[in-house]
Amino acid sequence: MTSMPTLTPSMSACPACAAAPAAEALANRAAIKDAQIALSLPEIHCSACIAGVERVLSAQAGVEDARVNLTLKRAMVRAAPEVLPDDLVRALTRAGYVAHQLDAGTIAATQTDRSGRDLLMRLAVAGFASMNVMLLSVAVWSGAADATRDLFHWISAAITLPTIAFSAQPFFRSAYAALAGRRLNMDVPISLAILLAVGTSLWETSLSGEHAYFDAALTLTFFLLAGRYLDHRTRAVARSAAEELAALEVPRAMRLDSVGGREEEVRVSALRVGDLVLVRPGGRMPVDGVVIDGTSEIDRSLLTGETLPVFAGHDHEVSAGEINLTGPLVLRATAVGADTSLHRMADLVAIAESGRSRYTSLADRAAKLYAPGVHILSALSFLGWWAYSGDLRMAVNIAAAVLIITCPCALGLAVPAVTTAASGRLFRKGMLIKDATALERLAQVDTVVFDKTGTLTAGTPALTNLDDLPRAAVEVAYALALGSAHPLSQAVVQAAQAANLRPACVESIREVPGYGTEGMWNGAPVRFGRAHWAAEVCGDAARAAQGTAAWLGVEGAGLEGFLFEDSLRAGAAEAVSALQASGREVHLVSGDTPYAVEALAAKLGIHHWVAEALPEDKIGRIDMLSAGGKHVLMVGDGLNDTAALAGAHVSISLASALDAARVASDVVLLGGDLSPIPEALSVARAATARIRENFRIATVYNVIAVPVAIIGLATPLIAALAMSLSSITVSLNALRLTRAGRKT
Amino acid sequence: MSIIAYLIPISLILGGVGLLAFIYTVRSNQYDDPEGDAQRILSDEWDDHPRP
């Protein structure tokens, strides 16, 4: 698919030298090799979509190659540097495909999953070797004797040694790292068991002995690698989805040339203090700055939880993360990058994280008991048999048998199998488990703290007093609201359309950014917007309202107040009532005004609420609850929740949250719906119960098999049976979790 | 029993061929997009130059 560079000017000056088109093409290809554009295609699902998207993309000028990945729902495009991702997105939208630009740098890490491929390769080699050695071992167990047995043992050794050297490397490395740090982890007994099994088997084989554990060493490696691989897959899926969320926010800003006033799109990281930045309506402030031109209103809810838009004009200070609502603003940057108020919050997060009691997972706690126990047991049986019989060879053999039989297959396979099943089930419901121990911590939750703005509410206002207003006033406001994209205007339009009203005949409608919309109705000026500004036309005194309000001023008539309330997020009421029904305490902590918070708390039946909470108050509240022995789940989305998210026992953030909040939380809710939260808690409980159950099954196996090994009755056949049976039982038990999920 | 002198190498070679085939599929990115590959085969567009 390499096109010859026909339109580009020749690289060399003399025309005769252009006889090297191949070299030029090569140079050209090298130049555009890195010009990769990544697009997210959330809605593609069939072969027609693949063909359609690839056809549209390839038809664009400058596009070299386009390849759709249906599994990741992504398209990778190789194109000339002048091709803008926005053009490709527009072309796809015209063709009827939903597309978003992804920041190629952010997702580059997920392109090739090297360590996953590495694990898969080791797993395949271990599987191949263990099957072959098992075939030979079956012959030995069936009664092969003398020279035949020795031959089979030597062939097994020839297969086993290189395989162990290659496949078991992850365990050896991790065990070495643990021992070098003077710790014990699960991989120490695993490595010891594998090495001791191979060592004693070689020794036995060289003495033409009867028992060799080559098959056991390989099966052990295979089962444990399978567990590792499952674990890795789960994390890779979560990481890739989290990175995709981050990559969707392409951090770009419009920089104004201070001399010519020319606009230029740049990366946010390229902005410097003193730069002039243009922020269009609907855009997010990329930096902290001072407004030097334009007036508008800004939405600060992600930072403070306030729902009421704030006026911004000349000399007003704005912070990164705030959203510009109505008019274009020109800012002079006062702080960029890590110095912005957005990032200053990081200090608070660091403090909160240091305060969080480090949670040790069930598997780690089991390993802490298990690792020393196994070593002591094995060493004791070695010493006991050596002292009793004086036969070093037999004592070593029995010690190896004890190590192999107590192999932590159940631990190594049971936990990853359960977490994979549970995470997969929650992922289908739209929940992304980011942290490995998040499931176990979710299972312990008995108190849930919600943020208000953007979490329980959708952040979009709804008109509440439509029925109390004169019909004529609503029709005038409707006409004025049609001329504005402000969220409050949109709410009026929605309510009026729902009530089947027709807009009044208002002329020369004009939006005054930062104040509202004005026009002429029946020859008199009308204004819809801020109280003081609207009051100017009617001579009425400006009034203040509880909560969010917009005012309609008509000359000769009084001031009419339109009251708004934040609409509830989908599933919020269901989630809160389901959590309360399951006996959990629900709290509401918000930075908004007491009036707004109380109204919402009453609507949802939440008894414990706090209003006007600063970020410090939020984390303080969580610390107080934790100190009272509660396991707190924090659900939030704003920057003011970030510290609380990091400090809570476990936390959930929304996909619409700022990157900082998503990073601080353990679980990300991908859809806009809150109803999966109660279910996540019950799935987490089921998963933790299943993990404990698997530990019990493994313990029962050990209680039966270890005495057999210690009294020296364990043969390689018994070891193979015990190991495979326990591994298969725990895996099947873990899979029951996915079956339960299908039924619901 | 001399038959095992043939059978064991044959079984090892056959297994090895399977292993090598698997390693080849992993190395050539054939597991990157399992869903897409399953759907692409159903495409009814005639392609004279299919991509590798």
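Using N, Cα and C of the backbone, Cβ positions are placed for all residues, glycine too.
Listed features, source TrEMBL:
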- A:35-100: domain 'HMA' (DOMAIN)
- A:1-18: signal peptide (SIGNAL)
- A:123-145: transmembrane segment (TRANSMEM)
- A:151-172: transmembrane segment (TRANSMEM)
- A:184-205: transmembrane segment (TRANSMEM)
- A:211-230: transmembrane segment (TRANSMEM)
- A:369-388: transmembrane segment (TRANSMEM)
- A:394-422: transmembrane segment (TRANSMEM)
- A:700-723: transmembrane segment (TRANSMEM)
Next item on the list: Given the cut-off of 8 Å on Cβ pairs that are 6 or more apart in sequence, determine whether the transmembrane segment (A:369-388) and the transmembrane segment (A:700-723) share at least 3 such pairs.
Entry: yes
Check: Which bits of the chain, at least 6 residues beyond where the transmembrane segment (A:394-422) starts or stops, bring a Cβ under 8 A of a Cβ in it?
Finding: 186, 189-190, 192-193, 196-197, 199-201, 203-204, 211, 213, 216-217, 220, 223-224, 226-228, 230-231, 233-234, 361-363, 366-367, 370, 374, 377-379, 381-383, 385-386, 433, 436, 439, 683-684, 686-687, 690-691, 694-695, 697-698, 701-702, 705-706, 708-710, 712, 714, 718-719, 722-723, 726-727, 730-731, 733-735, 737-738, 741
Item checked: Tertiary contacts of the transmembrane segment (A:123-145) (same chain, 6+ residues out, Cβ under 8 Å) -> 152-153, 155-156, 159-160, 163, 166-168, 212, 214-215, 218-219, 221-222, 225-226, 229, 715-717, 720
Margin query: Can you break down the domain 'HMA' (A:35-100) into helix, strand and coil residue counts using DSSP?
Written below: 23 helix, 19 strand, 24 coil
Check: Roughly where does the domain 'HMA' (A:35-100) sit in mean pLDDT, to the nearest integer?
Finding: 83
Note to self: Using a Cβ cut-off under 8 Å, which residues of the same chain at least 6 positions beyond either end of the transmembrane segment (A:700-723) come close to it?
What the structure shows: 134, 137, 140-141, 211-213, 215-216, 219-220, 223, 377, 381, 385, 394, 398, 401-402, 404-407, 409-410
